[in-house]
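**Student:** To start, I am sharing the structure in question, which I have written as structure tokens.
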Amino acid sequence: MRIGILTGGGDCPGLNAVIRAVVRTADGRYRSSVVGFRDGWRGLLEDRKVPLSNDDRIDRILTRGGTILGTARVNPDKLKAGLDQIRQTLDDNGIDALIPIGGEGTLTAAGWLAESGVPVIGVPKTIDNDIDCTDVTFGFDTALSIATDAIDRLHTTAESHQRVMLVEVMGRHAGWIALHSGLATGAHLTLVPEVPFDVAEVCDMVKKRFQRGDSHFICVVAEGAAPTPESMTLREGGIDEFGHKRFTGVAQQLGAEIERRIGKEVRTTVLGHVQRGGTPTPYDRVLATRFGVHATDAVHRGDFGQMVALHGTSIELVALTDATRHLKTVPRERYDEAAAFFG
Ligand code: F6P
């Protein structure tokens with residue numbers, strides 16, 4: 001069998017671990033070969049590929065962040081219009097099955113291909129942890145570790161200067177990184193996209209903390225968090241070419257508003273792409289490796305149109321259509337757990 005593989009969307013620690021696991025399992029268990037397509041779906045649209053062999057080089061990528069195949073975002077309309085071209089490239093290269101590794105956008109496109117009869121097994125990835133039907137995605141644990149380390153450090157400097165510190169973490173529609181890093185570091189407030197915040201309430205919380213004699217205030221803000229419309233206006237950033245809302249820096253704007261309203265010194269840190277770079281944690285290496293092994297097994301069983309998913313401690317298959325119907329956002333009850341530590 002000849003398997004195609006690609007990594008799409010934003011990169012994420014653990015992608016190389018999946019690639020390695022697919023190549024090693026395909027060759028070692030089935031004597032199948034693997035062809036990598038470069039830069040996500042673009043590699044299939046433009047027939048740009050690289051053979052991947054089960055050698056020492058592939059073995060060493062386990063611990064490397066990023067993706068050796070490169071990745072790219074593609075406009076969903078352009079992708080839809082290019083599905084025939086993608087099928088043609090797969091035929092031209094004698095590809096029997098495709099393993100796209102990606103987030104919501106990549107897996108949705110994988111579903112379109114599967115519907116049109118292309119044998120596909122998806123592998124979910126994203127630091128945002130917002131893919132439905134899997135307990136967790138690899139990349140999340142690494143991003144969480146990086147955010148936690150950074151916030152721990154902010155605590156000590158904030159404490160020394162009696163400051164309010166806002167730290168903006170990634171999370172476009174889902175506040176998982178914010179929720180977990182806030183809980184892990186004992187943040188005094190966490191703001192997530194799922195629950196609009198009231199600026200007056202935030203200011204009140206800050207004021208009360210200092211009135212009580214507490215030394216500092218740490219607030220974790222997901223990049224997609226937003227105020228209630230009546231409490232503050234956020235600058236508009238428009239929509240990018242991939243259909244995503246452009247963020248304008250919610251933490252920075254909230255910080256300025258807190259300073260203006262209560263005259264307290266605020267510092268803001270935006271963690272940004274640091275959260276996505278570098279070597280994956282052991283947890284992510286293991287999960288990504290298991291996903292790669294199970295995706296390769298599924299391909300050889302012919303279980304197509306599905307993606308691998310973590311359920312408890314087992315890796316199982318779920319239909320791509322089910323996994324891409326909704327994003328997995330933070331449920332209200334999970335936010336309420338964290339709220340027990342606010343203030
Ligand atoms: O991959 C998910 C993600 O890291 C989001 O958390 C973030 O909003 C986005 O990607 C950033 O994308 P880009 O790398 O294109 O700036």
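Quick reminder: no glycine exception, Cβ is built from N, Cα and C everywhere.
Unlike curated entries, TrEMBL annotations are predicted automatically.
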**Student:** Based on TrEMBL, name the residue from Gly10, Gly171, Gly175 that is recorded for the same ATP site as Arg73, Val74, Gly103, Glu104, Gly105, Thr106.
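**Tutor:** Within the candidate list, TrEMBL flags Gly10.
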**Student:** In this structure, which of the binding-site residues Val74, Met170, Val274 has the fewest other Cβ atoms within 10 Å of its Cβ?
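**Tutor:** Val274, out of the binding-site residues Val74, Met170, Val274, has the fewest neighbouring Cβ atoms within 10 Å.
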**Student:** Average pLDDT across the domain 'Phosphofructokinase' (2-298)?
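**Tutor:** Taking every residue of the domain 'Phosphofructokinase' (2-298) together, the mean pLDDT is 97.
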**Student:** Which of these binding-site residues has the least crowded Cβ, counting other Cβ atoms within 10 Å: Arg267, Arg276?
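**Tutor:** Minimum Cβ neighbour count within 10 Å, taken over the binding-site residues Arg267, Arg276, occurs at Arg267.
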**Student:** Taking only the Cα atoms, work out how far Thr126 (substrate binding site) lies from Arg73 (ATP binding site), in Å, as a whole number.
**Tutor:** 13
**Student:** Among Gly10, Asp128, Met170, Arg172, Arg267, which binding-site residues lie by ligand 1, judged by Cβ under 6 Å to any atom?
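**Tutor:** Checked binding-site residues vs ligand 1; flagged Gly10, Asp128, Met170, Arg172.
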**Student:** Using the alpha carbons only, what distance in Å do you get between Val274 (substrate binding site) and Gly10 (ATP binding site) once rounded?
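**Tutor:** Answer for this pair: 13 Å between alpha carbons.
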**Student:** Taking DSSP as the reference, which of helix, strand or coil describes Arg267 (substrate binding site)?
**Tutor:** strand
